[in-house]
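Annotation source TrEMBL lists active site at Cys321, His380, Asp403. Positions annotated as Ca(2+) binding site by TrEMBL: Asn443, Asp445, Glu492, Glu497. The domain 'Transglutaminase-like' annotation in TrEMBL covers 313-406. Per TrEMBL, the feature region 'Disordered' maps to 1-32.
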Amino acid sequence: MSEATNTNKEKKPPLNGRRALPPNNSNDEENEVPEMEAFGLIPRGFNRKDYLHVVDINMFKEPHEINKQQHHTDKYYSPKLIVRRGQTFQIQIDFNRPYKPGTDQFWLEYLIGRYPQQNKGTYIPVLVGDVLKPGEWGAKITHKENNSIRLSIMSSATCIVGKFRLYVAVWTPFGILRTHRNSANDTYILFNPWCQQDAVYLDDEKEREEYVLNDVGIVFHGNINDIRLRSWSYGQFEENILDACLFLMDKAELELSGRGNPIKICRVASAVINSRDDNGVIAGSWDNTYTYGVAPSAWTGSVDILLEYYSSKQPVRYGQCWVFAGVFNTFLRCLGIPARLITNYSSAHDNNANLQLDFFLDDEGKVDTKITKDSVWNYHCWNEAWMTRPDLPVGFGGWQVVDGTPQETSDGMYRCGPASVQAIKHGHVCFQFDAPFVYAEVNSDIVYSRREKNGTQVIEKIDTTHVGQLIVTKEVGRDGMMEITEEYKFQEGSEEERLALETAVMYGVKKQTTQDTLYQPQTDVEMEFQAQKAVLGSDFKVTITFRNKSRNYYTATAYLSGNIVFYTGVTKNEFKKHSFSAKLEPYASSTFDVVIKSSEYMSDLLDQASFHFFVTARINETGKILATQKATVLEIPSLRIKTQGEMVAGKEMSVTVEFTNPLKQTLQNVTLRLEGPGVLRTMKKEFRQIPMNSTLIWEVKCIPNRPGLRKLIASLNCDALRHVYGELNVQIQKS
């Protein structure tokens, strides 16, 4: 009776008429497992001690022991056994007496969730046999000594990924005896890129070391003309991160039986990484005000974000695309899915998915921001995850695009992917998921058009090469940049590229025709725009060059508009207007310089020090318009990191971060962050102010716990200055 009242107190999930059991979608919840499962009445004299019973189980779960070494899980900061599926692992069982194979019968039981069922893969009985079949559950005795036996256990290569509870069951004539619940024997089972039968199998050892085992990476940012890079600490092996990643799947309410499938996991994770519509991990903010939260540029890695979310269950503020991608990468690598962070320079955000970004010009040739809804992001970061795609025709496995940044909804939620990179390249955008959106991000045309007084729309310029000019990721085994544009698209202007586009259009990507609008560009005059590289806080100049390739004499009325923009290409305000007239001699070039003063931009500058210049010029004799645009980024000063003394695992060392304020103003309320997986947990320090030209020095003491080549990453953040980073590679010796 007492048991019944107990269960009533628990909130029972409502049953519906369609299913016998409630959904089993929490790895955290458990069921009661009886230690004695009687076959009928138990005779009076029954004593379980008379039968074979388990005294102890040794899981060989230390980092230096066989299991974690063979399964490449020795870096996880966890006291429990962590293995990869489809590969054997060892345990030892100590009984109360020697095991007799003829008469004694025992088996193992692995359970996950609150409603374990054998047909769902959430209750797994593992019988002891003579042979282990590759990639199928089974156990085999490899060694017997006194009262102990050593077992080799093979898990299924399609097994659910998560935390399983282990019981040993012994058969007796009167019932089944089980070991009691012991969380020390919990076993985490992960994806296995080393196993040929696993859906995430990757055949190159160097790539596995990079895409699964490397816990730091590089984020490429800036813009196409000025590529910047910064380090990011993924920290997938740090304490509690694995549990935090499993919690994300619980949060997304992914049925446990679906958690062996990397396609499903990626799809639900791309929704739960952002907070839109499901209270997910990170709240995005692109408006330059980060009250009550951390500015996206201040984060140095994923660990703080995941741990804060795991404990508070509330979205962590704030992120932008590289933060979503950094945390997503941690999640994928932590579970064992090979993953990399990608940057697409000049990334199209096409609101009506017509493969065309429409920029509308007003009478003066300025972009009309009221009706221009599309934007070109200076860069956009997403992830690629490696897996087979049995749901698609042969040939579309391999790298898949997944994107956790909330841009557009997919099946009613803010998520994107997995979309096959191969399908995007060849224009086969009919294959799930969200391929048309990703295709547009790397392939859209920019169309500048202007409405005449009589209502006809005149196209002034079509730019087919601006979007998706460069797609990059970190090199394998090194910190350099690897270009992967050719994985996504054929050479601009090639026959294959045309074919891929026609294929994409055939499969329903909308492509507006320009037949209904007039398009007669001025072909005999070219206009170019260059911006001088400049350090934040200094003056710089921009140069407009006209080339008259005809024998005609022309005059032009030109207009330069300088805008401060978010890295998403959305304008905050226009800080520079400059009109001028130009005389264009036949067969000659003319150059015009415009000086941009720091006083014109400093007060409104946004956190990525990003400008966007539009130049439009009307050729007076023909009435035709030339238009060009360019994004440019200021050089931001960096932090210097130094170390003192010897660097040995387990011994105290000292790290110093230095920064000199280059601006003509005092920096207020400055936050410094420093982290390095395996060397130190994230540390923060606030400074009230840093006067101009003065240098700040911050010294920290730490005790590194992992030998090898590690990376220290620091960031500085305040309202006037963001995206200030520093990093240092350090070699930690064995103690």
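Cβ atoms are placed via backbone N, Cα and C, with glycine included.
Here the features listed in TrEMBL are painted onto the structure.
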residue	record	contacts (Cβ under 8 Å, 6+ apart)
Cys321	active site	Trp377, Tyr379, His380, Cys381, Trp382, Thr405
Asp403	active site	Ser270, Phe324, Ala325, Trp382, Asn383, Arg415, Cys416, Gly417, Val438
Asn443	Ca(2+) binding site	Ala348, Leu355, Val467, Gly468, Lys489, Leu501, Ala504
Asp445	Ca(2+) binding site	Leu355, Gln356, Leu357, Ile462, Asp463, Thr464, Val467
Glu492	Ca(2+) binding site	Thr464, Thr465
Glu497	Ca(2+) binding site	Lys489, Phe490, Gln491
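Mean model confidence for the domain 'Transglutaminase-like' (313-406) is a pLDDT of 90. His380 (active site) has a Cβ environment of 28 other Cβ atoms inside 10 Å. Using the Cβ center of Asn443, Asp445, Glu492, Glu497 for Ca(2+), the list of other same-chain residues with Cβ within 8 Å runs, in sequence order, Thr464, Thr465, Val467, Gly468, Lys489, Gly493, Leu501.
Helix, strand and coil counts from DSSP across the domain 'Transglutaminase-like' (313-406) read 15 helix, 41 strand, 38 coil.
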